[in-house]
Ligand code: UD1
């Protein structure tokens, strides 16, 4: 988790990664679980938490609301008071997108929430309309005021809600409000991401009554009160997927533990089509590759589709594949900024609307590149591993937000990579 905003990585190309790596808890789960701890007075304990920058950022948000948060390695203990503050700290919230997940719990606990419009990755316009309309269906009024979303309600009441798109964040905020609403909420076209199921499992262990998590229709019977709990954060499927693509791109052999391969089914299937040998186990998988990958097309879609967070890795492998690939981004509009950096590394890529067409070449060539978000940053490091020469990856603070011990893990797998201060 160490490192400053100015750090960069020097990555030596033509590596072959080999060995075993274990992923820790999912970034996209732990932050929501930390926010869910707001729902119960007392101490909630989360284990298997990743050591990434977003966890202390969320600690700051929760402390600003009146909680005490202790982080000890992979364990986070959150003590929530009877009376919470309803205004989330403006500066802390603006630093990362996931902070918006305090909106549902605060509305449920305080009848009022003020949460600054979040910052975060530069991957496109990320409105909150479905978060707002979901809370409104439960009886709240919402508005945007002075750069913050404000929700207010006397009594939350269960309702039938249909999302226009299975938004992960909107599903989470609706769930964490509905658990304490009067009566039954039925949420249609809900997100089916494994992180939603993880959140529901924790909420149910706190005393919530949620049915259908992991499917498109989730039913929530509101309860009066929730109790604190202890919960193990699910493994990070995006970090695991990053290692899988690293193995295939470097013609390596990596065994990844701490993750259910069911959470990465399509991403691993695509690697098989590209020519990799993939073995799956109960709690992990192994990817081996001994030749140049074959070109494969990708379309990002909500789970169980190909994850948008692995789109940079799909572009990376396609850039060195034998043949032409078309990668279609269906979730975030501006996620192709990464392609400019890949072109600097020599990739033959053309962007056309929400498609990028890649003609694979034998080898990329090193230069200076800049990370624009967490996944693009990790994608650039993978590309640098297969580029001839030493590539400098700048703005690696983005990577630190999502990949625990990234450099150490890569070194253990045989990569030559070092972190240097700017
Ligand atoms: C979460 C993940 C992110 C992942 C994404 C999709 C976290 C912290 N981040 O982001 O890593 O890439 O899911 O799997 O968990 N949208 C609206 N209105 C809304 C809400 C969303 O138009 O009210 C749009 C977004 O702009 C985007 C799409 O819906 O185009 C999907 O967004 P969503 O599923 O909400 O993603 P996040 O929860 O922000």
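Cβ atoms are placed via backbone N, Cα and C, with glycine included.
TrEMBL does not curate its annotations; it predicts them automatically.
Feature list (source: TrEMBL):
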type     : residues     : note
ACT_SITE : 121          : active site, proton donor
BINDING  : 27, 28       : phosphoenolpyruvate binding site
BINDING  : 97, 309, 331 : UDP-N-acetyl-alpha-D-glucosamine binding site
DOMAIN   : 12-410       : domain 'Enolpyruvate transferase'
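In this structure, the C-alpha atom of residue 309 (UDP-N-acetyl-alpha-D-glucosamine binding site) lies 11 angstrom from that of residue 28 (phosphoenolpyruvate binding site). Each of the binding-site residues 27, 97 was scored by the other Cβ atoms within 10 Å of its Cβ; the lowest score goes to 97. Within the same chain, the residues at least 6 positions away from residue 28 (phosphoenolpyruvate binding site) whose Cβ sits under 8 Å from its Cβ are 98, 168, 193, 195, 236, 238, listed in sequence order. For the domain 'Enolpyruvate transferase' (12-410), the model's average pLDDT works out to 95. Taking the C-alpha positions, the distance from residue 97 (UDP-N-acetyl-alpha-D-glucosamine binding site) to residue 27 (phosphoenolpyruvate binding site) comes to 12 Å. Summarising the environment of residue 309 (UDP-N-acetyl-alpha-D-glucosamine binding site), the number of other Cβ atoms within 10 Å of its Cβ, over all protein chains shown, is 27. If you take the C-beta of residue 331 (UDP-N-acetyl-alpha-D-glucosamine binding site) and look for same-chain residues 6 or more apart in sequence within under 8 angstroms, you find 300, 301, 302, 308. The binding residues for UDP-N-acetyl-alpha-D-glucosamine are recorded as 97, 309, 331; their greatest pairwise CA distance is 16 Å.
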